[in-house]
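A quick write-up on the structure given underneath.
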Amino acid sequence: MPELPEVEVVRRGLDAHVTGKAITAVRVHHPRAVRRHEAGPADLTARLLGMRITGTGRRGKYLWLTLDGGDEPLARRAESSVALVVHLGMSGQMLLGPIPKEDHLRIAALLDDGTALSFVDQRTFGGWLLADLVTVDGTDVPVPVAHVARDPLDPRFDRDAVVKVLRGKHSEIKRQLLDQTVVSGIGNIYADEALWRAKVNGARLAESLTKPKLAEILDHAADVMRDALGQGGTSFDSLYVNVNGESGYFDRSLDAYGREGEPCRRCGAIMRREKFMNRSSFYCPRCQPRPRVRRA
């Protein structure tokens with residue numbers, strides 16, 4: 001699943017190419033892609049026509065385009081506090097360029113300068129919906145995103161406040177890093193990378209870690225995601241691409257994730273993989289020893 005860096009790469013690409021442009025045509029090729037828009041495909045299509053894209057936003061793994069009524073009458077401009085929310089799911093792609101002729105095209109839109117915007121999604125977990133914007137903690141976000149915490153790359157991210165929350169959690173630190181209501185955007189890959197950099201096993205209880213160590217983990221999470229962003233994100237297959245259809249290459253720089261059986265880049269011990277929450281965790285048994293189980 002695309003994590004924060006991959007979604008931010010897509011947001012930046014869209015921001016540079018679609019902001020200020022009006023939507024002139026929309027076609028939903030598969031109803032599942034708009035299942036989260038409760039009023040249905042016809043409503044979404046009708047409301048999008050003529051709307052102008054005024055900007056882009058992101059919170060964690062959620063992406064949206066802010067909209068207004070463009071050149072429509074004032075009555076239509078009441079939609080100015082609306083956003084087109086895009087969830088990429090496991091394999092969603094927002095592509096600019098000729099509309100692709102392929103089986104996984106779910107939605108296609110045309111803009112007033114002739115630009116085509118396509119939503120391609122092989123596994124169909126992603127989709128589009130229109131949602132009202134609400135102000136949460138001084139920031140306008142779509143209603144479906146209102147519950148999502150700020151992410152470590154957000155300028156208003158309060159690291160100390162998150163550390164305080166983590167100190168009160170009687171559960172594994174990795175589980176908390178993946179909880180989007182605590183801190184958003186840190187998915188499985190970047191959680192493993194941050195924990196490796198901090199020399200902390202993901203099975204450690206959050207409450208057992210000191211405030212400085214928790215702050216260090218969050219700082220590493222921010223750093224590794226900035227590093228990934230600089231390399232276009234992480235692509236293990238062709239499913240994650242930017243708006244031009246290009247893959248990221250941060251997978252070549254990963255220190256933990258996907259490196260089972262390989263030597264730790266820091267100490268040389270053989271990296272291990274364990275099952276965790278229907279996922280896999282990768283860690284160094286020497287640098288990141290598992291917590292001891294207390295016997296009764």
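Backbone N, Cα and C atoms are what each Cβ position is placed from, and that goes for glycine too.
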Per Swiss-Prot, member of ARG123, ARG150, ARG156 binding DNA alongside HIS104, LYS169: ARG123
Do you know which of 220-254, 255-289 Swiss-Prot annotates as zinc finger? 255-289
Count the Cβ atoms, other than its own, that fall within 10 Å of the Cβ of GLU3 (active site, proton donor), considering every protein chain shown. 22
Nearest recorded site to ARG279 (active site, proton donor) by CA-CA distance, among recorded positions PRO2, LYS61, HIS104, ARG123: PRO2
Is it possible to list how many residues within the zinc finger (255-289) are helical, extended or coil according to DSSP? 0 helix, 12 strand, 23 coil
Which bits of the chain, at least 6 residues beyond where the zinc finger (255-289) starts or stops, bring a Cβ under 8 A of a Cβ in it? 174-175, 178, 188-189, 192-193, 195-197, 199-202, 236
